[in-house]
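Below: one structure, written as structure tokens.
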């Protein structure tokens with residue numbers, strides 16, 4: 001068969017049916033599915049922690065509902081088994097990235113203590129029912145080892161609930177109930193071991209009327225255990241050693257439980273006070289300040305009413321401090337979701353860039369004004385603009401009584417004063433008196449904050465100035481001649497600045513040339529000095545010259561002595 005026929009046969013053959021099964025997806029440990037699975041696991045864990053102990057200590061409860069217990073037992077075991085499967089499909093974070101590789105997830109899970117505890121909780125100890133009978137629920141005590149899942153579910157719920165302090169109190173009450181429940185079961189089992197009705201401390205003889213019922217047995221034991229653990233007293237005096245040991249252990253447990261309860265409640269109260277202090281300003285310091293300085297009663301009453309209004313209506317004035325620990329981008333998203341609709345109502349901010357609005361939202365400062373309080377007065381220097389979030393404000397005359405207009409929620413004022421518009425006849429002064437009719441919530445945007453944001457958005461600044469100029473034209477408060485004069489002055493100033501820049505450039509060029517000439521001269525001088533140094537090294541030193549002179553004088557003296565000796569040794573001349 002040729003190669004072409006092979007290719008055709010391969011292409012014409014139908015694809016083989018896929019045998020791959022749809023795999024179980026990997027769960028995000030911070031996602032909703034994993035959270036709801038943890039809440040599901042609360043029920044089997046609580047069932048084993050509460051019911052198994054009760055069945056082991058109250059035989060009538062075990063014998064009376066055997067079929068129901070077996071169904072619930074194996075249902076909880078099935079959920080335990082499914083929980084192990086979920087653990088094998090729960091991702092984890094590695095360097096901030098969710099790992100979805102099931103091989104890595106499995107290897108990581110089997111190396112933890114959680115895997116060993118999960119395996120131990122699934123050991124089929126129920127097989128011993130064949131030898132010991134089905135009425136031995138103590139064989140299922142290994143199911144208690146899955147309790148860490150209960151604590152994990154509680155921790156996740158505490159971080160997600162809108163009422164964490166209430167949840168902490170409910171969780172504490174549940175722990176107290178479980179401890180008292182276990183202790184009441186142990187009390188009934190100990191009474192059965194010592195003998196019902198043997199003394200006044202143990203449970204009465206079930207043969208007595210009313211004490212044979214299961215409900216009475218549990219309630220009596222629970223009541224007796226509550227008396228001991230709460231150290232209320234009014235308990236019968238123990239008569240035997242086992243009873244004394246039980247009471248001593250309960251007293252020690254009560255002391256530890258009391259300390260735990262007090263610590264937990266103190267923590268809850270502290271957290272609530274801390275939250276209040278973070279959300280609302282502390283009025284105690286202000287009240288003390290006013291008392292020390294003898295502020296008049298009327299003004300003091302206004303301050304107290306203002307604080308009371310904030311607390312009663314749950315209004316905040318320090319949103320920036322509350323959100324300060326969030327990342328900047330996340331803080332901006334939270335602020336945008338809360339305040340962007342309010343800021344977008346302002347006419348000069350409409351059609352601006354989304355990033356500019358996000359920056360401005362972070363600069364908004366919430367303020368609350370009391371009834372009759374002036375927000376601004378005519379002639380004041382305008383350093384900020386206001387957006388009405390809630391309440392009503394009146395534009396009043398100088399007498400403070402005559403009202404010209406009423407401003408409601410969604411309106412704004414003072415926006416022109418924070419933009420330097422050329423030709424503005426009112427300048428940066430307020431042109432009206434604005435007073436709060438009731439309690440009014442405003443957003444304040446200062447000129448400095450707007451200038452800081454617009455420095456990064458020059459095009460937006462031009463657009464906002466154009467919108468402000470249009471508003472002033474409609475209000476007949478724009479002096480066109482003054483605007484033209486300011487523009488001409490600005491152009492002249494810019495021309496002078498350009499001239500100064502050109503002169504500065506020329507001076508810099510000349511200075512650079514002088515520096516180059518200076519460097520060249522310095523190099524030449526250094527070269528000449530180095531050359532002279534090399535030349536002077538060949539000259540003899542003064543010491544060498546002195547030695548040479550000494551040697552010359554010594555040579556001359558030697559020659560003279562030689563001449564004298566030769567004359568004496570010659571033949572004597574005639575006398």
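Here the Cβ of each residue, glycine as well, is placed from N, Cα and C on the backbone.
Of all ranges given (149-171, 172-194, 287-309, 310-332), TrEMBL attaches the label transmembrane segment to 172-194. The range from 425-474, 475-524 that TrEMBL describes as coiled coil is residues 475-524. Taking TrEMBL as the reference, the stretch among 100-118, 119-137, 195-213, 214-232 described by the feature transmembrane segment is residues 214-232. As annotated in TrEMBL, transmembrane segment covers the listed stretch 244-265 rather than the other ranges in 244-265, 354-375, 376-397. Counting only same-chain residues 6+ beyond the ends of the transmembrane segment (34-58), those with a CB under 8 A from a CB of the stretch are 27-28, 69, 72, 75-76, 79-80, 83, 86, 90, 137-138, 140-141, 143-144, 146-147, 149-150, 152-153, 156-157, 160, 178, 181-182, 185-186, 188-189, 214, 217-218. On the 0 to 100 pLDDT scale, the model's mean across the coiled coil (475-524) is 80.
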